Each structure stands twice: as C-alpha cells, then as structure tokens.
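First the structure, in the form of structure tokens, and then the observations on it.
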Amino acid sequence: MAAAAVATPGATVLPPSVPSAAPGAKAPAAGAGKGPGNLLEITGEANIVNYMKNRLRKGAMKRKGLEMVNGHRFGVRFFKNPTYCGHCKDFIWGFGKQGFQCEECRFNIHQKCCKFVVFKCPGKDTDFDADCAKVKHGWISTTYTTPTFCDECGLLLHGVAHQGVKCENCNLNVHHACQETVPPMCGADISEVRGKLLLYVELKGNNLKVDIKEAANLIPMDTNGFSDPYIAVQMHPDRSGRTKKKTKTIQKNLNPVFNETFTFELQPQDRDKRLLIEVWDWDRTSRNDFMGSFSFSLEELQKEPVDGWYKFLSQVEGEHYNIPCVDAFNDIARLRDEVRHDRRPNEKRRMDNKDMPHNMSKRDMIRAADFNFVKVIGKGSFGKVLLAERRGTDELYAVKVLRKDVIIQTDDMELPMNEKKILALSGRPPFLVSMHSCFQTMDRLFFVMEYCKGGDLMYHMQQYGRFKESVAIFYAVEVAIALFFLHERDIIYRDLKLDNILLDGEGHVKLVDFGLSKEGVTERQTTRTFCGTPNYMAPEIVSYDPYSIAADWWSFGVLLFEFMAGQAPFEGDDETTVFRNIKDKKAVFPKHFSVEAMDIITSFLTKKPNNRLGAGRYARQEITTHPFFRNVDWDKAEACEMEPPIKPMIKHRKDISNFDDAFTKEKTDLTPTDKLFMMNLDQNDFIGFSFMNPEFITII
C-alpha cells in the first residue's frame with residue numbers, strides 16, 4: 001500500500017496554476033492554496049511526480065489479517081465472552097485477539113486450528129451443485145437445563161427456555177440464529193481433536209511395511225504451547241514389547257515431519273492382531289503422555305495398502321478402529337459424479353492428447369520449448385509474465401505463466417478458464433490484448449499474447465505525475481470502448497487499474513489480465529464475490545452487497561480522477577481506511593479540474609450503483625454523449641484513428657525500458673513446484689484449456 005493518508009479537514013488542495021508535469025520536471029509543492037479536501041497533503045519538496053514514483057503496485061484481493069480456508073474468510077477476533085473452538089472443542093483462551101471468526105458464517109476457531117477446517121463455508125456461494133452434497137440436519141427447538149455451548153459459534157446458549165436447537169440425528173447444539181450457517185453435513189465427523197497422521201502401510205506376504213511421513217494439528221501438551229511428539233508402532237496386543245518400534249522425537253512441534261520407515265516380519269501368531277499407531281509426548285523428568293492412536297486389522301491391509309491422512313483417536317477407540325480424513329463435501333460430490341458417469345456408459349471422455357488444442361493438429365501444437373524467455377515484464381499472485389521470442393522466428397510475445405498447484409490450492413480453477421474464454425472472443429476491438437494461443441504442461445498453464453512494447457500506464461504515470469485533460473480523455477475513450485465490448489457480452493471486468501492498461505508500440509491502449517472477469521453479469525444480473533484492487537473497488541463490493549457491471553464504471557471514475565490528479569480519490573494507510581473512505585467520503589477535486597471533468601467523475605463515483613453513470617441499459621449512449629467527451633469522434637476512436645498523445649520510446653526490438661525495474665531485474669527461471677503434489681494432481685481439471693487463436697494467426 002502506498003504511503004498515503006487521508007487529509008484532515010483543512011488540508012491543502014492543488015492550486016489551479018499547477019500544470020501537468022513533464023517527464024523529469026518538478027511540480028510545485030502543494031500548499032499554495034487552501035480549502036477543504038480529501039486529497040493527500042503534499043508539503044515541502046514533495047510533488048506529484050515523486051508521489052507517483054514512490055507509489056507501490058497493489059495486487060488484487062490482497063486482504064491483511066485474513067485466512068482463506070475452504071471459502072471461509074477467517075479474521076482475527078477478540079472474544080469478550082467465554083468461547084469454545086468449533087474445531088477442537090477446546091476453550092479459546094488468551095489475552096487480546098485470541099482466535100479467528102469467519103466473516104461469512106461466524107464460525108469461531110483457534111488460530112492454530114484454522115487451516116484444518118475441512119468443510120466449505122455455508123455462507124459462501126459454491127460453484128458445484130450444492131444440493132447433491134447436502135445432508136441436512138433435523139433441528140428441534142430444545143430447552144437446556146445445564147449450561148450448554150453452541151457447536152457453531154462456541155458461545156453459551158443463554159436464556160431460560162428454548163435457548164437453541166438440537167439435531168435429532170447427530171446431537172449438534174446451536175443457537176437459533178446459528179442454524180442457518182451450520183454446514184449441511186449431518187453425521188459427518190469434520191473435526192480433528194487430537195490431530196492427524198500421514199502414512200503409507202503395505203502388507204505383502206509376511207512383510208509389513210509402514211512409512212510414517214508427517215503429523216499435523218497435534219494437541220499441545222507442554223506449558224510452552226507445544227509438544228515433543230514421537231510415533232510408536234507395534235502389533236497389538238503385544239505384552240512383551242517384541243514388535244514395538246519408535247520414531248525419533250521432534251521437539252517443540254505440533255506439525256512434525258518424521259519420514260521414517262519400519263518393517264515387520266509377521267509370525268503366524270500375529271495374524272489376529274492389529275497394527276497400532278500411537279503418538280506420545282516425550283518428557284524428560286516424568287512419564288510420557290499419550291496423545292492419540294488408531295489401528296488397522298491385518299485383514300484390511302491384505303485387501304489394499306493404506307495411503308493418506310488418519311485421525312488420532314482416544315486410547316480405547318484407537319485400539320479398535322481408524323477414521324480416515326476426508327473432505328466430506330468433495331467426497332459426496334465425487335460419489336455424485338461417479339453416479340452421473342455410470343448413467344452415461346456410452347459417453348467416452350476425450351482423454352488422449354488432452355494438452356492439444358481442439359482446433360489444431362498435433363504437429364502444430366505450441367510448446368514451452370518453442371520459446372526463448374528473455375525477461376520478466378510482469379508478476380502476479382499466480383505467476384509471472386515473460387517476454388518470449390519464438391525459436392526460429394523474429395516473433396515476440398508476452399507469455400503469462402500460471403502455476404497449477406497455486407490455482408488448485410486456492411480453488412481458483414475458474415479464473416484461467418474464464419480468462420482464456422474472454423481472450424478467445426471474436427470481433428474484439430483493438431483495445432483488448434490479443435491472444436496467440438494457450439497451452440499447458442504438467443505443472444503450468446501458458447497464455448501466449450501479443451507483446452505490448454509501451455509498458456503499462458502505471459509506469460507512464462510515474463514519469464509524468466499526472467496527465468492533461470486532453471491526454472486523460474484519449475485514454476478514457478479507448479478504455480471505455482473496451483468496457484463497452486465486455487459489458488455488451490455480459491462480462492464484468494472487476495480489475496480496472498493503471499497496472500492493467502498497457503500501451504502498444506504506437507501508444508494505443510491494450511486492456512489485459514481478465515483473471516477476475518466473470519460472465520453472466522449485467523445491469524440486472526448480479527454477483528457477490530469480494531475481489532478487485534482496494535483503491536478501485538466500488539462501495540457495493542466493499543460492503544459485500546450484490547453488484548453488477550456498474551462496479552466497473554466506479555473503477556473507471558477512479559481511473560479518470562487518477563489520470564488528472566495524479567492520485568486516487570480515496571486513499572488510506574491500510575485497506576480498512578481505504579474501504580471506509582470509499583463508503584463514507586466524497587471525492588474532492590483539485591482546482592484545475594474542468595466543470596465537465598468534475599461532473600462526469602461525480603456521476604461515475606455515485607455511491608448508489610443504480611444511480612451511477614453507466615448503470616442502465618443505455619450506458620454507451622449516456623457516456624459517449626457526456627459533455628466531457630464533446631470533442632471525441634467515437635467512430636474514429638473505435639477504428640484506432642485517433643493520434644496517441646504519448647508514443648513510447650522504443651530503442652530496439654527487445655527494448656524493455658518501458659517496464660518496471662522491479663520486474664525486469666528478476667530471473668526468468670520458473671519457480672519449482674511440489675513434485676509430490678503434482679503427481680497427485682488431477683490433470684482432467686485442465687482439459688480444454690489449450691487453444692490456438694485463428695484470428696491471431698491470420699494477422700501474423
């Protein structure tokens with residue numbers, strides 16, 4: 001976040017005499033004029049150019065203090081009343097902010113238990129057919145005669161009579177207000193009270209092999225909040241201790257990694273015994289403490305090997321059975337898919353050549369080996385953008401590389417698929433970046449796009465400080481035409497900002513990065529996903545309200561203000577302050593803004609989306625006929641016939657001087673991925689990604 005603060009009443013605004021700064025020129029310090037403002041107060045030798053140069057790039061959807069787990073948005077919370085963890089059922093103790101609470105479903109939990117929540121947030125929309133994965137609770141209003149705590153939020157069920165509801169099937173007790181946010185997973189064990197262990201067990205003949213890999217979410221046994229765990233493996237019962245084997249002790253750790261292997265030569269008398277796995281806490285001065293256990297019969301091990309996570313149980317329970325860790329939602333959804341697959345026995349899935357685009361032959365398929373990666377020219381949360389030269393040609397491309405493991409772990413499979421679909425649209429205006437092709441390897445997705453030599457507008461704003469109104473109009477017109485195209489096809493962009501507006505070699509606009517875009521959103525059809533870049537997000541997004549394509553026009557108004565003022569209309573030291581200002585403050589304009597500029601920006605920055613310019617059915621007509629664009633020939637603009645005010649300086653074919661040094665100094669090496677994770681990755685999730693754009697090939 002840029003080092004900016006919202007000025008208090010009485011802060012100075014830019015005087016009307018300040019001209020637009022030329023590259024390298026110094027703008028006079030603010031302070032020559034006085035008046036109320038919501039702008040950054042610039043004093044001393046500071047100026048707009050230096051402010052823009054020091055401004056940091058902001059990524060989309062970066063929220064501090066939040067943990068995203070299975071759709072839950074866990075924020076740090078101070079609990080005033082006695083509260084129990086909804087995962088491990090222990091008391092949430094401590095001073096200050098003791099635990100986490102989901103902002104969607106109010107699920108309370110220890111910070112240490114947060115990452116072990118296996119069910120999806122009931123308050124968040126899911127993409128799959130949720131009705132097929134529901135096992136609903138049977139709630140009955142109940143009067144409790146003893147103190148009882150809510151199994152959802154962890155607070156006391158208060159009152160004299162009918163304090164809460166109880167599930168007649170699984171005995172879950174919750175508040176009346178909490179029953180709507182309880183996940184529909186009646187009967188499913190979704191907690192790991194004692195932790196879990198990852199292991200592999202295989203029985204071949206009389207040889208039993210046990211691989212102890214790692215444990216997680218173990219219970220703290222020492223006063224320092226940690227444990228000193230080790231794993232004990234033996235055949236049970238075994239009073240002599242003949243078969244007992246132990247791993248090394250991992251000190252002060254609740255998530256130890258062991259990676260040890262044990263082998264057993266089974267005797268005939270062992271055939272009726274069970275393989276017992278226990279976790280113990282080692283103590284130097286006293287007796288070791290039991291932490292958890294589970295066991296397997298040799299009969300079940302003979303049928304098939306055991307490979308995966310298993311929950312630790314109590315000492316009595318662990319001697320008799322085991323419980324595998326499963327994602328209940330995904331497990332039911334998997335069974336649903338298997339049933340649907342069985343209903344269509346004659347429908348054969350296309351599994352061969354799944355990396356090959358559907359509209360080209362195998363001989364012409366694009367591969368990563370076809371390119372020489374020259375420089376890094378961009379970077380995001382999922383991957384990076386590389387300048388690439390196609391081998392054997394003079395063709396230069398911008399190749400966006402995304403890691404599959406990051407996409408899967410963040411449950412964002414729809415993002416690259418949406419981006420590919422939008423980049424492949426036909427009849428697109430010249431102000432949307434063109435895609436040459438997209439392909440995949442075992443661990444990455446690749447978008448091959450046209451190379452925009454001029455860099456992004458963030459870089460150019462850092463050089464100029466701010467633009468004259470005529471320059472701002474030029475860029476606003478070309479960006480608006482790109483948005484018209486998307487909105488007329490029911491696509492909301494959701495990430496309009498300086499970083500995502502590139503210039504080609506002539507200086508015309510190219511809108512890039514459609515990862516957050518979504519189809520099926522109109523002026524009436526809404527969506528609720530909280531996403532975007534903080535300074536550009538509309539009030540309805542910040543408030544978690546349903547929003548439509550009108551949210552894009554709010555971002556457009558912020559962008560227009562930024563063009564001419566050299567800063568965003570709503571600043572703050574952190575996201576919380578920025579969001580509060582977006583919802584409550586009004587934009588205050590520098591004195592050099594024209595009446596038409598203030599009018600159109602005010603119309604775009606209307607808090608109520610239904611009253612916002614661009615929100616109605618006639619958005620194109622209302623925007624193009626506004627007095628701010630009175631001198632614009634929109635037909636010439638759409639034909640790319642307007643003269644760009646800034647022509648990028650390009651010294652040679654591979655010149656990257658128009659890109660941020662923070663990117664170009666990085667190595668082009670691709671970050672290694674987790675090989676074990678990639679081996680278990682279902683590549684079927686990416687079938688249909690690869691594509692060759694016939695329109696781009698025609699241009700070449």
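Just so you know, glycine gets a Cβ as well, placed from its N, Cα and C.
Computed from a predicted structure; not experimentally measured.
What Swiss-Prot annotates here:
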{"type": "ZN_FING", "residues": "71-121", "note": "zinc finger"}
{"type": "ZN_FING", "residues": "136-186", "note": "zinc finger"}
{"type": "BINDING", "residues": "ASP222, ASP228, ASP281, ASP283", "note": "Ca(2+) 1 binding site"}
{"type": "BINDING", "residues": "ASP283, SER286, ASP289", "note": "Ca(2+) 3 binding site"}
{"type": "ACT_SITE", "residues": "ASP495", "note": "active site, proton acceptor"}
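Other than ASP283, SER286, ASP289, the residues of this chain whose Cβ falls within 8 Å of the Cβ centroid of the Ca(2+) 3 site are, in sequence order, MET221, ASP281, TRP282, THR285, ARG287, ASN288. Across the structure, ASP495 (active site, proton acceptor) and ASP281 (Ca(2+) 1 binding site) are spaced 50 Å apart at their Cα atoms.
For SER286 (Ca(2+) 3 binding site) paired with ASP228 (Ca(2+) 1 binding site), the C-alpha to C-alpha distance reads 13 Å. One way to see the shell of the Ca(2+) 1 site is to take the Cβ centroid of ASP222, ASP228, ASP281, ASP283; the remaining same-chain residues with a Cβ within 8 Å of it are MET221, SER227, PRO229, TRP282, ASN288, ASP289. Rounded to a whole value, the Cα-Cα separation of ASP281 (Ca(2+) 1 binding site) and ASP289 (Ca(2+) 3 binding site) is 5 Å. Counting only same-chain residues six or more apart in sequence, the Cβ atoms lying under 8 angstroms from the Cβ of ASP228 (Ca(2+) 1 binding site) belong to MET221, ASP222, THR249, ILE250, GLN251, LYS252, ASN253, ASP281, TRP282, ASP283.
When Cβ neighbours within 10 Å are tallied across all protein chains shown, the highest count among the recorded positions ASP222, ASP289, ASP495 belongs to ASP495. Classification of ASP289 (Ca(2+) 3 binding site) by DSSP places it within a strand. Summarising the environment of ASP281 (Ca(2+) 1 binding site), the number of other Cβ atoms within 10 Å of its Cβ, over all protein chains shown, is 19. DSSP assigns ASP281 (Ca(2+) 1 binding site) to a strand segment in the three-state reduction. In three-state terms derived from DSSP, ASP495 (active site, proton acceptor) belongs to neither a helical nor a strand segment and is classed as coil. Secondary structure counts, DSSP: the zinc finger (136-186) has 3 helix, 13 strand, 35 coil.
Other C-beta atoms found within 10 angstroms of the C-beta of ASP283 (Ca(2+) 1 binding site) number 12, with every protein chain shown included.
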